[in-house]
Every structure is written in structure tokens, then in C-alpha cells.
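The structure appears below as C-alpha cells.
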Amino acid sequence: MAVYLSQWLNKAIVLSLLLLFYAVFCFALVRKNLNGNIDVYDTLNYDTTRLRKSNRIKRSVGDSPVSLNFRAFDRHFKLRLEPDNGLFTNDFIVESSGKPYMFDRSIVMKGKLADESDSEVYGTIVDDKFHGKIISNGDEYYVESSKPYFSSPEKFHSVIYRKSDIRFKRSHPISGCGIDQEVAKKIEEVRQMKRPLNARKNSEENIQRGSRELPTQNTCQLLVQADHTFTKYYDNNIETATGVLSNLVQSATRMYASTDFDGDGLADNIGFIIKRIKINTTADASQPNNPFAPANIGVSKYLDIASQANHNDFCLAVTFANRDFENGVLGLAWVAGAGGAGGICDRFQPYKGQSMSLNSAIVTILNYGSHVSTAVTEVTLAHELGHNFGSQHDPTTNPTCAPGGSVGNFIMYPKATAGNKVNNKKFSSCSKNYIKPILNSRATNSGGCFRSREAAICGNGVVEAGEACDCGYRQRCKDSCCNAPYENSALTPPGYKPCQLVTGKTCSPSAGPCCNPVTCNYQPAAGNVSCAKAGECSLEAFCDGTNYTCPTAEPKPDIQTTCANGVKVCKEGQCEGSICEKFGQVSCTCTVTTDLCSICCMNKTSKCAVASWISGVKNLSPGTPCNAFTGYCDVFGKCRQVNEDGPLNRLTNILFSAETIQNLLDWIKKYPWAVALICLGVIMFMALFIKACSVHTPSSNPTMVRHRQLTLRRSRRYRDDQDPQLQRRLPPSGPGDARYFKQDPRAPQSSDHQGASHHGKHGYQAKAQYRDRTELQHITAIKPKA
């Protein structure tokens, strides 16, 4: 009975441990996120060739926006984009490895959603994919490449997530800004060393002037640079890294431009414009003159290195890295003071025998081994720029400036925020009170370093406000209707007006496709000049003789016009309706595994079923998401799971991935009592296991009881039938006693007398129990007599 109880207890303990570990790993798997900070995301796999074609049409037509349509989070996104020409200065350049890099600034976009007038969209188009942010219906959507988030190639090229789904891991202390007591003391020492000569005069002048008029000098010109760790994170793609940096500056401009720093009730329209971008690649990491080459640099030392170059040509210089600084620091910057050095507009000046530019800041995108989300980096950049503008941290004891709770804390809160609360991208009244005198004394006055925002860039090939045409610089321009600008403005003849029409000309082909390049007049309607080819959902468009722009193409009939190889229908000139609508039904998703990629329809009275009655159409287009967006349809009409690995690979990824290990560590910290129970259970299991097996374990200790031999249990009938020669009957020792001894066939044979004599004097006593023939018989040798 004790043996069976011990076996049952062992099985119960093993089963409990397996269930507990299974629950732990299930807990790790349930958290479907990108990097531990983003709870929910969706995947994007739109046709990049269509986006490339739309971008090409935009460049050729000029006024036509770039169109991008996709579906995510159970809604349609219809992006209409155009180049953000106000983000760069006229003399903007990109420098990589000390040499100029030809960067196409037209890939930096801004715009809105076609069906939402108060929405905002900005980002970049790199490698025919959009990366950026969509602001719609009170939420913000971030679109990024999927490559940095997944170790292996995926079937989708981009991911999209909402600001409201961003969370911070609580397994590490949240720091954010690197200004602690020691760093603050150092910054204050530097600030008091030297103050601008015109600081007091300009400060008094502007305080008296107050805020009666909106300053026209409202733009801070930036130097933005990335060290090799940042560029390496983006696969050493200079265009991608430049696009990401541009997006971050776009976001910072939006936050600052909408802020009322002077308290007059109106936004001050303070913004940023990029004058130069420096990109260091991994090839620069080994260069002896690269100050960012060492792998391990403390955050304070890193700011010193970033401040060693002369930044007099810029309002501020910001350096980005992909480094894991100590204590979870995400950024650090010199704090401007009304009567001291440091911050915006500061000059290159000596400090302890070395000249430094204290108009500098640094930002990293790595925190405790994980890439932080774009939303967090946006707030980090705005926070460090806030220090450059003169703001201290919001006091945590002031409920007005650090309210917390559901509304969140403001930009200058000392700890990093996820950027998903109402206040996370706003300045508190405490910060505004710090920043206002700095802007008045250094930036927006006549002697400050801020500049007026530049409206147009003549020579970039894009017709902008104030320009009648723009065919590029004279060396590349082939337009006889437009005055092309000289690359060297000193060569411009008197009275020559660049980016304006040649005298007597009506239009320029650079402004639109309906301008005759020979006559420089509008293409006549009678000429039937095509300016836009017919699409699946739009008719061919022709010039009407009234303008140089192409008239809007007439859409093909809604619903009745099929597109996308017959699986969709046209709606308002876009291929976005289901073929089911053509027959008065709505699209639905079949739940049967074999029908996940079939076209399924239903009406108000019917259930969702395969639309087999639609002739010529059976399956969804290859690449269409299926099975609740967990897979995609292949060319054979089968739903392929996105992470369709072999079972061994899946098990390996589940058990040994960094995310699973981190989640397990988080679980251990959260439930230490469960860990103690697991350890206790393991100890009990091992003790019972040793106890149960010790009776069968041989020992050379003569004082211990001889171990039990494990033998096969056989019935007496079976043994008699199979091994009759191995059985011999021993003389009975008493009435009714019969003993059976199973002789070892390897032992030398002896007579019965010898065997009996040997058994009586020096041998072993055989302990046997007579049982029924149907029972099992145990024969055990015991210790010899002394």
C-alpha cells in the first residue's frame, strides 16, 4: 500500500509541476507585442509597386498627391501625401562619412486622410514603403518597418500600432532623462562660466515689449547627426536613417508649434527646420578620428563628445544613438539659463581648456536592451529640446505641473513617459515660465539665432508657394518656358527672376502635364491630349484647355466595375469594395479551414458561405490577410500562417526566445511565492524519488540491509511450463512446507545432497511463500548466517 501511495504522490507532483510550467509559458505567449512595450499591433502588406507608381505620377504631374490605401485595426486608411518642403533649409545637405550624400528630400511627406479633413499624416517613403505617423480621431497610429522587430524575415513588410497601446515595462526603473544631481551640478558650473554679451540687454528689451506681436523669427535651424550604432540599427541604410530622423523633427515641430509659450492665448508657431544631417555608418566605427567609435561610453561623457564640434552655424545640434546608457537614460542635454551659457543659440567657447558647443543634446533609441517605440523617442527628443530651451524638470510635488493619473504628465516630467496620455506631448505651465524668457532673450528677438521660416526652395524641381514653375537648376533644366535658377546665385543676371515664367509664356510643363512644352500654352481640348491613363476604376483623363493641370479623371461605375482580377469592385474611383457587393451582399470570413481564402458572402437572412455561385472567381487575391490577420493567402488559395515554422523551431522559439525569458523573469519577480512553491515541490519530488529507489540501490556498506533485486514477475504455471529444468524441489523443513529454488544456470551443477548440505551449513536461507498457481511468486535471498 505504501508503495502505491508513493507512486501516486510522485505522479501528482510531476503533473503539478508540468501544469505550473505550462501556465508560465502560456502567460509568456499571451502577451502578443512587438518589444514588450507595445501591447497590440497589426501587420501591413500592401502592394508596394502601386505606391511606387503613385509616387512617380506625383513627380511627373506635380499637383497630384501620392495615394496610399490600406486596412488595419478594422478600418480603412486612405493617405494623401505631398512632399514636406518646409522641413529643410534651402542649403540643406546630408553628409555621410565626411562626404555629401545625394538625398531625395521629396521622400519626406506630409498630408492627411482623404475622408477626414482634420487628420494629419507625416512620414517618409523609403524603398516604396511608408514610415510615419497618422493622427486620426483622437488617436495616433505609427507605421514602421517590421524588420527591426523580428529576427527572421516575415511575410509582411510593415507594422502599425496605436499610441494608446504603448506600455512601459515595469521590470526596470524608468529614468528617461539623464540629468541627475551630479550632472546638474556640472551643467550649472558650465552655465555660469560665460554669458552672452547681449543677454541682459535683450532680455530687458523683450520683457518690456511683451507679446503684442507674433515673432517672425520663429524657427530653430538644426544639425541632426547619427552615430554608427543608430545607422547600424537601420541596416546601414542612409536613406532610411535620414527619413527616421526627419520624422522625429516633424513630430517635435508639431508639439512646439502648437504651444503658447508667451501666454497670450495664441500658439507661437515655434518650430524646427533641418539645415544639415550627418550620418555615420559602421565603416566610420573603426576610423581613428571618430569620437563615437568606443562601444561603451557613459551618457555624460557622450554628451561631452557630442559637444566638442563647432555648432555656431546652428541653433541646436542633436545626436542620436542606439546605445544602452546606464540607469535607463534615454537622453541628456545642456540646460539654458537666462543669465548663463548653454542651450539654444549658445556659441562655441572654452571650458576647462577645451572649446565646446553647449547648444547640444543627445537621444538614444535603446533602453535596457530593447528598442523603444517611436512615440517614446518623440517625447524624449521634445524633452531634451525643452532643456535646451531653458526648462527644468517639472516638480513632481506640484499637482498642476505633474498631475499624473489618467491625463498623464507633461513633456518635462523627469521620468520617461510612454507618450500615450493627453499631457505627454504638451508643456506644463512651469515649463512655459522657464522657456519664455529664454526665447525672448536669445531666439525670437532681432539679435537671436532663430530664423524666419523659408517658404519655397527654388531649384528642387517642385513647384511651391510663390513659384510659377521649377524645372531644377540650369544645368539640368530642359524647360524653355521657365527661368531656371543658377546654382551660384552670384551669377544671376540683374532682373532675372528664377522659378518664374519666361516673359510672354503662359505655363510651364514643370507645373503640370497639360502645358505644351513647345508653345508654353495650355494643351487645347480639341487635341485630345491624354494626361492620365485609365485605371481599373478610373477613365482616361484629357486636357481641357483651361489649365496646365490634368482634370480629375472620371470614375468608372461604382459596384458594377470589377477590379483586382475580379475579386473586388470599384467605389469612388478606388478598388476597395468586395465582389459580394455587386450581388447585393456583404463580404464575410468563412471559419472552415479549407475556406479561409475563399470568397465568402452573406446577406441579412443567410449565413456566411463560399460564393461558389460567382462565376470565374473562387479565391481571394494572393497576399490577402486571412484567419483574423494571422496569415496570408497564397497562389493556391491556402491560408499560410505568418509564423509557419516546423514544430521544433516553434518550440525552440517559444522556450528560448529573449522575450519568453524576459517574461519569465518578470513573472518570477511578480510571483515569488509561486517560485518558492515550485522549489519546495522539486525538493519533495527528489526526496520521494530517492526514498523509493534507494531500496533497490546496491551498496558496499556491510552494515546496510542488502538491496532488493528487481526481477520479472511470472506466474507459477507459466514458469513451470517454460523452465521445468530450472526448478528443483528442496527437502521440506516441516509438515506442509514446500520450497522452490530457482537455480542459476550459470552455476556449477551439484547433487541434491551437496546442495542440501551446503544450504544447511554455509549457504543462504531461501525465503519463499507458497501461493496459488495463478499468483506471482517472489523469491528473495537474505543475508547469510554468521
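Residue 1 is the first one shown; counting continues down the chain.
Backbone N, Cα and C atoms are what each Cβ position is placed from, and that goes for glycine too.
The Zn(2+) binding site annotation in TrEMBL covers His383, His387, His393.
Summarising the annotation, TrEMBL assigns domain 'Peptidase M12B' to 218-441.
Residues annotated as region 'Disordered' in TrEMBL: 715-786.
Annotation comment: TrEMBL describes 12-30 (among others) as transmembrane segment.
Marked as transmembrane segment by TrEMBL: 671-690 (among others).
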- Hey, what's the Cβ neighbour count for His393 (Zn(2+) binding site) at 10 Å? 22
- Message: If I take every residue in the domain 'Peptidase M12B' (218-441) and average their pLDDT values, what number comes out?
- Response: 87
- Which of the three DSSP-derived classes (helix, strand, coil) applies to His383 (Zn(2+) binding site)? helix
